[in-house]
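J.: Pasting in a structure now, in C-alpha cells, and then I'll have a few things to ask.
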Amino acid sequence: MLQFARGVHTGRELMAQRCSKLIDSVIRVDHAGELGANQIYRGQMAVLGHTKAGKTIQHMWEQEKAHKEEFDRLINKYRVRPTALLPFWNVAGFALGAGTALLGEKAAMACTVAVESVIVEHYNDQLRKLMDDPSFTDKELLDTIQRFRDEEQEHHDTGIEHGAEQAPFYRALTDVIKFGCRTAIKIAEKV
C-alpha cells in the first residue's frame, strides 16, 4: 500500500485506471450525444409535428428519449461528470433540428441521416475500444451501446426511406452536419 501511495502502480491498477478513463469518456460523450439528438427531434417536431412526417419523427424521438434516460442512469451509476457544454448542446441541437425542418421534411430527414451515420460509426468505434480493453467487464454497457447503435442505424435507414437524399443540396448539407457532429464528439469526450 505504501508503494501505491508513492506512485508505484501494479499492472492491474494501471489497466483499471485506463478502463475507468475510457468509461468516463464513453458515457460523457454518449450522454451529450443523446441529449443533442433529443433536442434535434424536439426542434423537428416543433416545425413538422403536424405534418405527415410528424409520426415518424415522433417515433424516432421516443427512442432517443429512452437512450438519454439510460445515459442519465449511467452517468449516476459510474459517477461520470457530464460535459460542461450541455447548455450549448441543448440550444445547438434544437436549432439544427428546427433549422433543417424549416427547409422541409426531406431536409429534416437528411439531418437525421447525417447525424445517425456519424453516431453509428462512433458507437462502433466505442465498442471496439471497450472490447479491446482487457480490464473492461461491463457486458450491460456493451449491450446498451450495441442496442442503441442498432436503433440509430434504423433512424438512418428511415431517413433514407423518407427521401433524405432528395433534399436540396443533400451532399453539402449532410457533410456540414457530419463535420459538426464529429467535432462535437471530440469536444464532449474531453470537456
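Going from the start of the chain as shown, residues are counted 1 onward.
Using the three backbone atoms N, Cα and C, a Cβ is placed for every residue, glycine included.
So TrEMBL lists the following for this protein:
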| type | residues | note |
| --- | --- | --- |
| BINDING | GLU34, GLU64, HIS67, GLU152 | Fe cation 1 binding site |
| BINDING | GLU64, GLU116, GLU152, HIS155 | Fe cation 2 binding site |
J.: Using a 10 Å cut-off between Cα atoms, which of these binding-site residues sit near GLU116 (Fe cation 2 binding site): GLU34, GLU64, HIS67?
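T.: Those near GLU116 (Fe cation 2 binding site) - Cα within 10 Å - do not exist; the answer is none.
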J.: With every protein chain in view, how many other Cβ atoms are within 10 Å of the Cβ of HIS155 (Fe cation 2 binding site)?
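T.: For HIS155 (Fe cation 2 binding site), the count of other Cβ atoms within 10 Å is 25.
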J.: If you count Cβ atoms within 10 Å of the Cβ of GLU64 (Fe cation 1 binding site), leaving out that atom itself, what do you get?
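T.: By my count, 23.
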